[in-house]
Structure formats: structure tokens, C-alpha cells
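Encoded as C-alpha cells, the structure appears first; notes follow it.
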Amino acid sequence: MALAASRLRRPNARGDGPPVFSHEFIIQNHADIVSCVCVVVFLGLLPQATNSIASRFIFLQYNETMEIKENDTGVASSRIDNKPAPVTFYRHGWGDALNVVFYSLIWIIIHAIIQEYIWERTVKRLRLSKTKTSKYLDSGSMLVFYGISLVMGVDHIMKGQYALNFGSELWTGYPHTLMKLSLKFYMLTQMAFWLHCYPELYIMKTKKDDAYSKIVLYTVSFLIIFSAYVTYLQRLAVVLLVIHYIVEFVFNASCLLHYHGKDEIAKLSFKLWWFLFLLARITSIILSVVTLWFGINEANGPVLLFNINLTSVPVRMSILLFIVSLQVWLLLVLYKHRRKGKSETTPTPAPPTKKPKPKPSPRSNKNKKE
């Protein structure tokens, strides 16, 4: 029994490691454990009995192939003539939840690789405190996510030609029940990222004080993307996410510059972030008002979701009110943050000190007695 127990422990440089299936063991080896799960899912594609189950986790579902002309969709065709070309589109369904769960496991692996081989090696040279180290790692991981999301989002916006005709592609043909591969993959990977952030709180040993604000951020982000996905507002969601991610990318890059001691460059980048933050909030409100108030209307016909007409005025105004309220809330959070920062940087005036009275010399006391 003693030999068996000793074999279940993984040795390291300092001695015996944590016991198997303990909290420390799971935290230290979470990437390996998740990788094994993903490998098992991929191996499920080989047997015919499990191929249909494994493919639902890996590949996108609800695809439809249609023959349409290039001028109708803007999709590049390999044919020289203008004959209809087969194009594959995708719809959304409940089976997409399997893709989101599997892609969240992929995000956990990507997060662990980037953090271990890039940010943890970099932060050791800075010799920061534990609090600053956790913030540094958080900013580094979010910087990579925002960078990847920006590349994917801008690529889809350029291919979809959303900027043509003053952005009318955002609402033309609503409801957008059919999605291209890039659009559906983008929306699912976005939901998967925010879903993977919940176990990261356990892996990173986040404190309870910091965990509450992060849980709110993760939940709000996931629900916003999920709501846009099921209400056929994917095009508007991609544009708003790209605008928001540009601001967040600059902010996290500024934080990393600050931790690396590049204070002069960090000050300029923080000023740029402040300007982009205000511009992003105004632009998001304008695009939402134009799309939901003027672009989409009841003339598009009834679009039912759980017996709720999405093109009705109350539903559209509720969505618009939520987006505007979210932008105003972000502005208030930034205002409180800047006000708090100014109060901490301004020095408090010291209380006035009374000058001590000079003590009388012994000679003056003798003169008074005489």
C-alpha cells in the first residue's frame, strides 16, 4: 500500500508533489487534464459508433448548402461565368452548446500555454508583488484574447462589406437566420472564451474580493453575446465587439507598459485609451440607434422567438435601451475610476503646526528676581 501510494505522487525538483486529485494537483496539471479530454473527443471521430457524437462537439452544426450568384452575397466564386455557385451557410440551434463547451476547453489550453511560456517568464524579471503579478498576468491574457478577436472580427467585417452603403448591411435582410462559417465560428468562440473564464478563477486562485467583479464581467459579456446570437443580431454584435475590443486592447497594452516601467509611453497610451473609450461609447450608441430604430422595423415581417416578435417596437426599444444603458454605465465606471485616481494622487494638506515658545534663559529669571 505504501509503494502504491508513493507511485500515485508525482515527484518534482523539491520533493514529492501534491497528491493526485487534490486541489493543487488539478491546478498545476489542469492544462494536461483538459488536453487529455480534448484528445479523447478527437479520437472519438475514428470509430463509426462514436463519430456522430464527437463531431457534434468539434464541427459546426446546422449547415445548409445553397446555389446563389456571387453578386447576391459577395462571396468570391471560382467560376468564370456568373452561374450560381454552391455556398454553405449555418443556422443556430441548441446543439451549438456542445461546440461552446468544447471550444471553452480549447481556450483553457491556449490560456495555459500563453501564460506559462510568455507572461510567467516575463513577470519573473519584473519582480512584482503578488497583487501586481496577478494583474499583470490578467492583462497579458486579455491582451492576447482581444488581439485574436480583433483580427477575426475585422476580417469578417471586411469580407461581409458591412461598411458599404453607410452600414446598411447591418440590418438589410433582417432576420439574419443564415450565417457564414466565419460569423458563426466567431460568435461561438466568443461565448466559449467568457465561459472558460469561470474555471480560470479557481485555477488562478482569485481572491473573493476580486472574484465578484470578474464574475459580473464574465456573466454580462456572455449574456450579451448569447442574446445577440439568438435574436439574429450577429452583424451588429460583431461591429460593437470590435469597437469595444479596440479600447480594451489599448488599455491592457498600457497596463503592461506601466508594469515594465515605460511610464512616459504608458501615459500617452492611457490618454489615447481615454479618447478611444469616449469615441467607442458614442459610436456604439449611434450604430445601435440607427440599426434598431431606423433600420429594423415591422416592415421586415414578424420574427418570432419563443412567441415573441423581435421586430415589434417594444422589443426593439428594450434592446436599444439595454445597449444605451450599458454604454452609460461604462462611462460612469470610468468617471468614478478617474475621480478615485485623482483623489489618491492629490496630496492632502498637512495640519498646521504650532511653533514652540522659546524657553526663558536662566539669566532673565535672575533679573526678574532682583
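Every residue gets a Cβ built from N, Cα and C, even glycine.
Copied from TrEMBL, the annotated features are:
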type	residues	note
COMPBIAS	354-370	compositional bias 'Basic residues'
DOMAIN	134-342	domain 'TLC'
REGION	339-370	region 'Disordered'
TRANSMEM	31-50	transmembrane segment
TRANSMEM	100-119	transmembrane segment
TRANSMEM	140-158	transmembrane segment
TRANSMEM	215-232	transmembrane segment
TRANSMEM	238-260	transmembrane segment
TRANSMEM	272-296	transmembrane segment
TRANSMEM	316-335	transmembrane segment
Sequence-distant contacts of the transmembrane segment (140-158), meaning Cβ under 8 Å and at least 6 residues beyond its ends, amount to 111, 114-115, 118-119, 122, 180, 182-183, 186, 189-190, 193, 238-239, 241-242, 245-246, 248-249, 252-253, 256
Which residues of the chain, 6 or more past the ends of the transmembrane segment (31-50), have a CB below 8 A from one of its CBs?
57-58, 102, 105-106, 108-109, 112-113, 116
In terms of Cβ proximity under 8 Å, which residues at least six beyond the ends of the transmembrane segment (215-232) contact it?
92, 174-177, 187, 190-191, 194-195, 197-198, 201, 241, 303, 305, 310, 319, 326
With a Cβ cut-off under 8 Å, give me the same-chain residues at least six positions beyond the ends of the transmembrane segment (316-335) that come close to it.
220, 224, 231, 233, 240, 274, 277-278, 281, 284-285, 288-289, 292-293, 296, 310
The transmembrane segment (238-260): which same-chain residues, six or more beyond its ends, come within Cβ distance under 8 Å?
126, 128, 132, 135-136, 139-140, 142-143, 146-147, 149-150, 153-154, 156-157, 162, 167, 170, 183, 186-187, 190, 225, 266, 269-270, 272-273, 276-277, 280, 283-284, 287-288, 323
